[in-house]
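Participant: Just dropping this structure here.
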Amino acid sequence: MPTVVVMDVSLSMTRPVSVEGSEEYQRKHLAAHGLTMLFEHMATNYKLEFTALVVFSSLWELMVPFTRDYNTLQEALSNMDDYDKTCLESALVGVCNIVQQEWGGAIPCQVVLVTDGCLGIGRGSLRHSLATQNQRSESSRFPLPFPFPSKLYVMCMANLEELQSTDSLECLERLIDLNNGEGQIFTIDGPLCLKNVQSMFGKLIDLAYTPFHAALKCGHLTADVQVFPRPEPFVIDEEIDPIPKVINTDLEIVGFIDIADISSPPVLSRHLVLPIALNKEGDEVGAGITDDNEDENSANQIAGKIPNFCVLLHGSLKVEGMVALVQLGPEWHGMLYSQADSKKKSNLMMSLFEPGPEPLPWLGKMAQLGPISDAKENPYGEDDNKSPFPLQPKNKRSYAQNVTVWIKPSGLQTDVQKILRNARKLPEKTQTFYKELNRLRKAALAFGFLDLLKGVADMLERECTLLPDTAHPDAAFQLTHAAQQLKLASTEYAVYDLNITPLHTDFSGSSTERM
């Protein structure tokens, strides 16, 4: 999931820190050191993740928009200036704006807030914001909870004793509570020094940025993979004492099924499945990135020459048009499938079903599915013309078909011109002419645009009078017939599902296309 790093650059972050040695450090230097450690870890293990950098004092500024270039993020850390007082609310408002603008309100996001625990003074301070949050209108509401799924991690450049001497810790804990309890506060254990800052950011990495490695198994075949993004624990609301369910690190394929049978099932989340190549010494080759481009290229070349079950599975699913059912845990399944990014690129994906013995009702209980060879006769038929599972409804779903949209006048003009072009090529274009005519008729009836039907009918009658002497006799009959049917469709007795069919005449030959 995307990450927004929010860095405090107020004057309080310039307070000096007594560190052993001659070099003088400020709290912002400790924060930059910790963030550098985080960015280096993400560049190695989370290189597909998008990260943005925001700085704030009384105002906020987007230093680096969402990017996968962690060198740019690290350069921005060394180019930050010092500003005035702390105003956390403005920073949180900025986070809301940039996340919603880039990702909308449905994509989960992690927010890493780096501050020294100073809440600001006067109007705009966190104390003032929390004290007045219940006295505001909807237009000026406090930005927490975020309007998107999120986790808020507060990294304090202060130890616990320093925060407890004031009400800073209590106010910061209130932020986590306002975000529906999603998040955590981290403080420095012991004196402020580089080592303890590394330890604090290490705890954040262990909690939120540890890559999920698993073993993908199918019979005797196995492959080490990374699942990205990391699957989150799932809590079943119906249970009296809900316990978060975590997927196993052993992902076992239990069977294969046609894409048409599984259709488009409801899923909890979707993840990339990336192979991890190991060399003979057991070190990872295909995961992460190296500092030197030549070393990276040579490592990728070595990884590409090693046979990998993950690659075999991906290619097989893509060619055969099937998905693999995978066991995630006790009574918990998912599916592996090939998803195309473009015409030339596709990825192996894994979607997680809801836990339970029967996540997809039309398949029945997962434990009762078996191989085709166990059936007395092929449940798909000899010609693969039937399915053992309940058939999908014949009516097309509204979201699964191309609909006619006339937002701009040019769209309507294009559809009318298409009908007229086909009308001039009758009878060769009879089938296409009536197809476009029926599409326009249904759209006009759906929108209540009856005047359009009358106007197109008049155009067709005019086209009939302009036919040259060399025109096929059937063209005039078809145009007159189509115009009459459109006029009937503009009355209150019109039937939406009725299609206008070609008029059968004695002039209709084998060259005329039939509906």
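Cβ coordinates come from backbone N, Cα and C, glycine included.
So Swiss-Prot has the following annotated:
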type    : residues            : note
DOMAIN  : 2-204               : domain 'VWFA'
BINDING : SER10, SER12, THR86 : Mg(2+) binding site
MOD_RES : LYS418              : N6-acetyllysine
Participant: Could you measure between SER10 (Mg(2+) binding site) and LYS418 (N6-acetyllysine) for me? Cα positions, answer in whole angstrom.
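Facilitator: Their Cα atoms are separated by 63 Å.
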Participant: List every residue in the same chain as LYS418 (N6-acetyllysine), at least 6 positions away in sequence, whose Cβ is under 8 Å from its Cβ.
Facilitator: GLU436
Participant: Non-local Cβ contacts of SER12 (Mg(2+) binding site) (under 8 Å, 6 or more apart, same chain)?
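Facilitator: Result: ARG27, THR86, ASP116, CYS118.
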Participant: So how many other Cβ atoms are close to SER10 (Mg(2+) binding site), meaning within 10 Å of its Cβ?
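Facilitator: There are 22 such Cβ atoms around SER10 (Mg(2+) binding site).
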Participant: Run through the Cβ atoms and count how many others sit within 10 Å of the one on THR86 (Mg(2+) binding site).
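Facilitator: The answer is 26.
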